[in-house]
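Structure first, then comments.
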């Protein structure tokens, strides 16, 4: 199951970003007193009562030059589409406004649970105002103060109560789940159609975790796969086409549920900043990654073009140096046959376990080749290493002092591990721990 998604909805200047930052535990959004100022990150992981969940600040979803109320409506619609639980936030100092009532009218239509949060109630006297908000029709209002962090525990308890009722879409561990992500119009749907048109592919559609998400299950060479949220790739409409951050939000949810992520680039347009941002989310989530250059048929080529394009990708995506780069055309289906083998290989490497004795031979050979660094007269000593997890493969190296493990030496060890075991298509993580 993907993590539950909680969306914070409300008119501008009710304190959505402050609460978002409080819950996320870090200052992610830009917080000012000017309406509509949220510009930065709108999506963050958070944790409460042993629940991991994703948090959205819909104020960060910029609809463009639409009228004020239209923007609020569209942000609320997106929250209703994407969230499992909605926090409807109002300003306790200003009472119920017509804009609050507009948001309430939209939220009446949703079957998703709505938790009403009355912000900016910084002391007990102010809480006398809370009863006015029962008129909005969402039951008990939760008094909170974003500035002082008051009342957030009760608010999150109320959200967590609803997490228990979220339906799970659980595939067996043998099923490889993957998604294709990328900017609008890079050809994600066309790639899916071209893949599913291959002779060896047997297709069926299954319901995803949200009411409008459809996953596509298929079998390839007797292995079962699921393409996560094929409905999201095909979603049209003004909000979805024009809102860059909406497409990122949808991609993040798909990444969360996937083992392997295909980052799709448009060969005609080259590499844009948004491509790097979207790819960065897959890397940060520790997923296996394959880079797919689509629309290769539309590019004028000579014998150097592909190599130069790949070099350009490597320069822009240095954090994805482990990801294979595939060139293909969904339109002509040329090289489409290379995609499934690459996904299978990345998935296998993402789950690969290596023997401890072989791993330690590799580590000790690496140390002999390149002695450990020193700092202030102390030298790093490596005692032994062991693999502690897969998806992604994660290793703990036991040392005398973790502070002496410089990132460049950690990178050197990673490269030696990759030389020995491959791991193409997957990130690997290395943690230094003091031997007890």
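Just so you know, the numbers here start at 1 and follow the chain as drawn.
Here the Cβ of each residue, glycine as well, is placed from N, Cα and C on the backbone.
Since we're looking at a predicted model, the values are computed, not measured.
Here is what Swiss-Prot records for this protein:
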DOMAIN    4-167  domain 'EngA-type G 1'
BINDING   10-17, 57-61, 119-122  GTP 1 binding site
DOMAIN    176-351  domain 'EngA-type G 2'
BINDING   182-189, 229-233, 294-297  GTP 2 binding site
DOMAIN    352-436  domain 'KH-like'
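What Swiss-Prot annotates, mapped onto the structure for a quick look.
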| residue | record | contacts (Cβ under 8 Å, 6+ apart) |
| --- | --- | --- |
| 121 | GTP 1 binding site | 92, 93, 127, 129, 130, 143, 144, 145, 150, 151 |
| 182 | GTP 2 binding site | 188, 251, 263, 264, 265, 266, 275, 278 |
| 185 | GTP 2 binding site | 266 |
| 296 | GTP 2 binding site | 267, 327, 328, 329, 334, 335 |
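In the domain 'KH-like' (352-436), helix, strand and coil residues by DSSP number 32 helix, 24 strand, 29 coil. Listed binding-site residues: 13, 58. The one with the lowest count of other Cβ atoms within 10 Å of its Cβ is 13. Residue 188 (GTP 2 binding site): 25 other CB atoms within 10 A of its CB, across all protein chains. For the domain 'KH-like' (352-436), the model's average pLDDT works out to 94.
Neighbours of residue 16 (GTP 1 binding site), defined as other CB atoms within 10 A of its CB across all chains, total 29.
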